[in-house]
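Participant: Structure below; questions to follow.
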Amino acid sequence: MPVFRILRLMFLLIAVMATPARADDAVLKVLLNGLADANSFAAIEKTVAEIAATGDPNAERALDALSSGDLYVRKADKAVFIGKRKGGGYLLSDPLTGEDAGEAKRAEVEKIKVNNTLRRVVRDAIGGLTLASSDPRARLSAAETIFKSGDPDAIPALDAAIARETDANVKERLTEARASAVLKSDAPVAEKTAALETIAARGDRDALSLIKSYEAGAQGELKDAAAAAIAKIEQTLALWAAGQNVWYGISLGSVLLLAAVGLAITFGVMGVINMAHGEMVMIGAYTTFVVQDLIRQYSPDLFDWSLPIALPLAFLVSAAVGLVIERGIIRFLYGRPLETLLATWGVSLVLQQAVRSIFGPTNREVGNPSWMSGAFQLGELTITWNRLWIVVFALVVFTLLLYALNRTSLGLQMRAVTQNRRMASSMGIRTPWVDAMTFALGSGIAGVAGVALSQIDNVSPNLGQGYIIDSFMVVVFGGVGNLWGTLVGAFTLGVLNKFLEPYAGAVLGKIAVLILIILFIQKRPRGLFALRGRAVEA
Amino acid sequence: MRGMTARFTKSLAAAAIASGLAWPSLAQAEGDTIKIGILHSLSGTMAISETTLKDAMLMLIDEQNKKGGVLGKKLEAVVVDPASDWPLFAEKARDLISKDKVAAVFGCWTSVSRKSVLPVFEELDNILFYPVQYEGEESQRNVFYTGAAPNQQAIPAVDYLMSEEGGSVKRWVLAGTDYVYPQTTNKILEAYLKSKGVADEDIMINYTPFGHSDWQTIVTDIKNFGSAGKKTAVVSTINGDANVPFYKELANQGIKAEDIPVIAFSVGEEELAGLDTGPLVGHLAAWNYFQSVDTDANAEFIETWRAFTKNDKRVTNDPMEAHYIGFNMWVKAVEKAGTTEPDQVIDAMIGVSVPNLSGGYSAMMPNHHITKPVLIGEIQEDGQFETVWQTPGLVPGDEWSDYLPESKDLIADWRAPMSCGNFNVATGKCGGKGIN
């Protein structure tokens, strides 16, 4: 009966080929359902370790859900599901296959709680499971996880992964991960020395951290090798740290520039000591909040566009408020700086309390659009997207303002009125109108700054107060009446501050900058770039 | 134009009602009522935190009146606005006690505002309920501290992080705002960590000014400090507005809670309301109450609060619970004493025990601090905290820290015959009149 035997053999083969996955799934399912009985973080951790030990990549979905707190136990049958919020209940799906598993009311399921320690364990487990993933990004992150955890048991899996890896970048990371695992294993000294070199060549913070913790427990030759590697990495990192400081300085400078550039118009060009300047910034930030709130309600898809939409609106709203202040109060006070100071101070308090009454005293959430969230790595520099965009934005605003002042007829009239009011008036320029427009322009620019600052600071009625002193400092330091002075002043103060901060601390650093400015003003009362001319002397 | 004016008046009126200014005039005629002073800033920097407490007090008084008031009389709230101006706190407190003749005052947030009103309460002999976690090192006859002392918040938080469950942290960043609460708390924590064998080089202390907004350097420093191969955590006593840019920077620089957790003592549900908490999941806070606490009392409290504020998204927080406990204690003590006379109420307060919102009872101790459970919570995506650890029982508040050399011998006991806020057990003498 050869035919019969062949048939039987075939059946057996098919069965053998088909069952491993099924059998594993069944094992996984049992393990997963064990989570339902785990009543402490330690018990859950143990179950996760067991799941990781199966090495079955199918467990990834369940583990992922566990770490993000989406895993639930159905109380009725103690089965584990992935749950997604839907109305008052949850939409359940199978934790292994992702298949739909009906719905459940809130009281019918219980969330499996996670904490940081558990999340780390799950992350490491997922790292081990996704080494063989088809997605290079998953393999990369798996390599990174193993690099940090340095699990010696992963060496065989890593060897296999390195052998079949085609992507050079991923391969490098895998080799580093293997080196990290070798360090923690009981490999011979020569192999460990080679591993140290591999990690040292990586040269970043993670590598430093790893070698440092290794050095603490190492002995003899290896300890020396580790110390040498640490010294080498620290040397390169010190250079990068200086670069990082410059970048932080530029970033702080751009914030100062944004806050001050509007004041450079109202105070610098017009000479109005405008204590309500910070509140114009705040109004711009609140405009952003209102725009985002409306977008969230009516068309959430547009969220990434919320800032471009808010920009012109913030400009208009702040400019309008500025116009009202100028026409209503400030125009009666030209030439009386003390009264202007007091009146605008009063206006700032009124505006703060008005915002507090309308929007409430608590912070308002202004979200970062996706293109402004997160950071990217430039060598060892961490550059956050929001800071980068704010630097770019500050420079664009500055350029536009420069263009407006030097190339438009309104700008020409503004400069004419500042330099010699009576002559300008005799030439037929309506000086009151120019005053109003200049003040509105300065206020509008402050509003635009508010849109940017809402991305890094909190949107509360006090937002403006934090910037008013800094703004005056920048304008006075840079030279009253000179836009370029404001630019140079802002970046100088930013970089100076950031270089002092690591040595003196944030509080003393700020004091030191203030003292330096006072000394500087003693020496050069008109700031960095002094305006010369008859009008200035008068 | 006319329509606009009308609308403006209307919104002004609404604002006035919302801010509670119209409240006192609505109450009954003088004489029939017991007056309660509410001394919280409604404008200025601290308005962000304190306005909520004013609303919470109005709600508690309203609820008590629905139950028939106290001693057969209705309660009447007297709201004043000290405008985040510390000397003004003292003036307003004096007005409340001498002009309005209030029976007790609920108020203050910052330690400096409390210090500024202390002499007034002592001189005019009235009662202050102080609802915020603070640095300790104080016990005053006229003040009842319903917030946490350092051993009811800071020390258990550090213990948790040191434990295996909390991640066996070996390296510590103590980051705070530059004023008395963070400075003293960090001093206590530093002494405590050293007593646990943490080396000098494993502690980094950093202070920033109020409202600090540029956190780039400090967050990078924390990251670098954390790359020394030992598990690192940040203990944050950063206060108020500065928290939002701090957490934004943490999120943007990609510091995950699994790697370097941040545990905060001044960040509650209210502060998180202004933040996208997605990237912050897992960072921690230590409090004595979370809105997410699953008890019937809490569910009822939240429901009443939302109904009272007519906002079904309003969150509750720890200092609100402290006022809830303090107010109920006061009511009970007044009923026990049979009078609202502060002197007798102060004596009646000690030993009074009322339910708290986390399912237990809080009692007033002879040192004018209360017993509370300590909860450690992790931030969730919806801006709430999930309790991951909790003290097995109630922790009594310890006013004089055992970890500072200058206060380890001091105790407070306001019962006769000792009646002393800083009794030195080493010398057997009372060190003075209760102000440190």
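Note that Cβ sites are derived from N, Cα and C of the backbone, with glycine treated the same way.
Quick paste from TrEMBL:
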{"type": "SIGNAL", "residues": "A:1-23", "note": "signal peptide"}
{"type": "TRANSMEM", "residues": "A:246-273", "note": "transmembrane segment"}
{"type": "TRANSMEM", "residues": "A:305-325", "note": "transmembrane segment"}
{"type": "TRANSMEM", "residues": "A:337-355", "note": "transmembrane segment"}
{"type": "TRANSMEM", "residues": "A:388-405", "note": "transmembrane segment"}
{"type": "TRANSMEM", "residues": "A:432-452", "note": "transmembrane segment"}
{"type": "TRANSMEM", "residues": "A:472-496", "note": "transmembrane segment"}
{"type": "TRANSMEM", "residues": "A:503-521", "note": "transmembrane segment"}
Participant: Counting CB pairs under 8 Å, which listed stretch among A:246-273, A:337-355, A:472-496 touches the transmembrane segment (A:388-405) the most?
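Facilitator: Against the transmembrane segment (A:388-405), the leading stretch is A:246-273.
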Participant: Quick one: do the transmembrane segment (A:337-355) and the transmembrane segment (A:246-273) have at least 3 Cβ pairs under 8 Å, skipping pairs fewer than 6 apart in sequence?
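Facilitator: Contact confirmed: at least 3 Cβ pairs fall under 8 Å.
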Participant: Pairs of Cβ atoms less than 8 Å apart decide it: which stretch in A:246-273, A:305-325, A:432-452 has the most with the transmembrane segment (A:472-496)?
Facilitator: A:246-273
Participant: Would you mind listing the long-range same-chain contacts of the transmembrane segment (A:432-452), meaning Cβ under 8 Å and 6+ residues beyond its ends?
Facilitator: 255, 258-259, 261-266, 269-270, 272, 274, 277, 280-288, 307, 310-311, 314-323, 325-327, 330-331, 334, 390, 393-394, 397, 401, 404, 410, 413-414, 417, 424, 463
